[in-house]
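Asker: Please find one structure pasted underneath; my questions will follow.
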Amino acid sequence: MDTLFLMNSLWVMISAVLVILMIGGFILLETGSTRMKNAGHIAGKTILTFGISSIVFWAVGYGLIFGEGNSILGFSDFFYSGYDVEGLGLSGAVFFLFQLAFAGISLTIAFGGFAERAKLSVYLVFALLFSVLVYPFIAHWIWGGGWLAEHGKQDFAGSTVVHLTGAMAALAATILLKPRIGKFNKDGSANNIEGHNQVFTALSVLLLWVGWFGFNAGSTVSVDGAFFGFVALNTNLAAAAGTVAAMLISWIVLGKADVPMMLNGALAGLVAITASCAFVDTWASVIIGLIAGILVFYSIRFFESKKIDDPIFALSVHGTAGVWGTLSTGFFATPELATVGNPGLFYGGGLEQLGVQALGVVASGAFAFIVSFIILSIMKVTMKGLRVTEEEEIIGLDISEHGSYGYPELVNKEAAVKGSIEIPSTGNVPLSSQRPSVN
Amino acid sequence: MNLSHDSNINGIRVKRLSDASFSNEQLNHFHDFIYDQVLTAALCKVSKEYGNPPSPFSFFVMGSAGRMEQSIWSDQDHGLVFTLKTDEAQEYFLKLGKEISEGLEIAGYKKCSGSVMASNPLWCKSMEDWEAQLGLWVGESTWESIRYLLIFADARSIHGNPGLVSRLKEKAFDEVKREHLLLRMLDNTMYMKKGVGVLGQLLVETHGAYTGSINLKETAFLPFVNAARLLSFYGGIKETPTLSRISLVSDVMMPDQDKSLYSKNFSALLDYRLKHGCNRDYDSGHYVNTSKLTKDEKKSLKEILKVGEQFYEHVRRMLERM
């Protein structure tokens, strides 16, 4: 057998494993950023919905994206049986698995907007419908030879396809679900419902950061010229720049080096470079990451000021940074690297590529949002609401949806100490008030 | 204690509070007046049941009450010292302390969450035990014991023999000096919340009930109060109000023009809190909603914050040079 074929297959298989491990990153990210009483539920449903998404992708998703069809959707290769595809240059099964992982990530991102209040049944039904009616369309348009691919839309590893699509579904969900109990006060001010474990959140970022080498560098789907190394380098630089930028901007504006914000900056840098990692120079990666880190800070404040409760910041990290990342190639794509589409504005490409990128963002974003909104609205009527009852939300989804806590000893003890069920906190006790008063 | 009498005290407090809240000085004299009423009632009741106090004593207040810097709402921080070292005396004065703290609670002063109250044996002792305890705190020099010494530094006698508290303070000052504890004390009061960002903007709360408000206690009061308290140890100053502490520092230690800059700004801060604080309850009194301030008011607040930091830095450098 051809050595290159085997090496390509091996590299993409490793990448698929890395991307699937990112599901673990999202488990830590989502549980760490939310409260203890929902931790078991969030961890469990993430695995479950990845299972659903895998089966749907095998049955129809892959065929809708990569099958023979028109510029809107593919219509062949359903129930994929593992055969090789001519001209692919690697094992068909490996390529399938790699693409399956992306579909799973997009769905997981979407569920960020559901956190801490959606019914388990809503997760199951939406996992199915999103995987058939939302993701395949956009993936086909850009990666499956659809109408945006014909325009030369640049989205190397999915700032739009995976991240923006997921974020738009999250936006539709969080609008329809409404904010969590205790998030906003009567006067419109927001409370900080702190996550229960910053260490989880930080580890999640590391896991995602490493996983992203599979996500981006693996998207070369070949070892040819070892180009994956350059893509990985750009990825790392943008993540690093996003981290530093978010920390700096939060220190400058708020006067504190905010840890969750810094972590969101790292992720925003990663999301932004996802579209452009193969098309831009290293210095541009640093700029793209820096801007993403600053954007995510203001985006989080913007959504909060609009009273949109985004528990794990999916809208800002994957949405806003996804939009910026997609547009960034329109500025920074170099003539040598732009194997798809044209060079960007700063390389004499004019506004053409930027226009294509903007069109892609608007069309994909609008499609994902509108279709998700319609699906969820219909579900809201037919399933008698998307949200658990207030009582269930207060006792936690671990108990209400699954019958046992992710942290049984700790949560039960807390309830016993308080003599009743937990009431959402409305602010943080400052360190100084926990000390004997000197003042 | 007679309940109707107590509700009466609370009534007087509420009724006359607004008249008294035009200046910090008036307000604090008014707090003292209420304390006095409660003390008299408590003494009367305990005397009726257990006889007259077995020995001379002093009841003192600490915290913002000790410094005469209470806002409209305030919580309790107080202690007792008495001359007779017997178990009976201890029992008697603990009862008195308990009565006072109950009375103060009825009068509208929240009990101290850290239990710095005369009803707690730690803060209600004979002269001899107090002296031993101060020596122990200095000797231990743990984070907690230093915290206690800092709390005690603000003690001000408001009933009984003030000489007792004065003697204890001398003892505390001497011990701290002898054991070179001032730098440790400095370390323990370093944590302060930043009030002004690098761009010169006021740093306000971004979440919770006080969104858009600046926390005056943590950003503005702490630097002034902590620095002046350290000065009191340094210069052996027994007076407790921050303004007095500043003015009593010798000119050799701190030039006159610096002293007057610090005093002027702290004075402005006291007025500021009275004028702009929410004053709905104890917590809200520390917050000022910056969106309601005029441009000039914001400017003067920034000046206060800047000078507070400057004062603290000045004292820090002084102590570190020692």
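Note: Cβ is positioned from N, Cα and C throughout, glycine not excepted.
Owing to the predicted nature of the structure, the values given are computational and were not obtained by experimental measurement.
Annotations for this protein, taken from TrEMBL, read as follows:
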DOMAIN    A:10-407  domain 'Ammonium transporter AmtB-like'
TRANSMEM  A:6-27  transmembrane segment
TRANSMEM  A:47-67  transmembrane segment
TRANSMEM  A:87-111  transmembrane segment
TRANSMEM  A:123-144  transmembrane segment
TRANSMEM  A:156-177  transmembrane segment
TRANSMEM  A:198-215  transmembrane segment
TRANSMEM  A:227-252  transmembrane segment
TRANSMEM  A:259-276  transmembrane segment
TRANSMEM  A:282-300  transmembrane segment
TRANSMEM  A:312-334  transmembrane segment
TRANSMEM  A:354-378  transmembrane segment
Asker: When you scan the chain for residues with a C-beta under 8 Å from the transmembrane segment (A:47-67), skipping those not six or more beyond its ends, what do you find?
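Answerer: Sequence-remote neighbours of the transmembrane segment (A:47-67) are 23, 27, 73-80, 96, 99-100, 103-104, 107-108, 111, 123-124, 127-128, 131-132, 135-137, 139-140, 143-144.
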Asker: What mean pLDDT score does the domain 'Ammonium transporter AmtB-like' (A:10-407) have in the model?
Answerer: 96
Asker: Do the transmembrane segment (A:259-276) and the transmembrane segment (A:312-334) share at least 3 Cβ pairs closer than 8 Å, excluding pairs fewer than 6 residues apart in sequence?
Answerer: yes
Asker: Which listed range (A:198-215, A:282-300, A:354-378) shows the maximal number of Cβ pairs under 8 Å with respect to the transmembrane segment (A:156-177)?
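Answerer: Result: A:354-378.
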Asker: Counting only pairs at least 6 apart in sequence, do the transmembrane segment (A:354-378) and the transmembrane segment (A:282-300) share 3+ Cβ pairs under 8 Å?
Answerer: no
Asker: Restricting to the same chain and to residues at least six past its boundaries, which positions have a Cβ under 8 Å from a Cβ of the transmembrane segment (A:87-111)?
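Answerer: Counting only partners 6 or more residues beyond its ends, the transmembrane segment (A:87-111) has Cβ contacts under 8 Å with 4-5, 8-9, 12-13, 15-16, 19-20, 22-23, 26, 30, 45-46, 49-50, 53-54, 57-58, 61-62, 65-66, 80, 123, 126-127, 130-131, 135, 139, 158, 161-163, 165-167, 169-170, 173, 215, 218, 221-222, 314, 318, 372.
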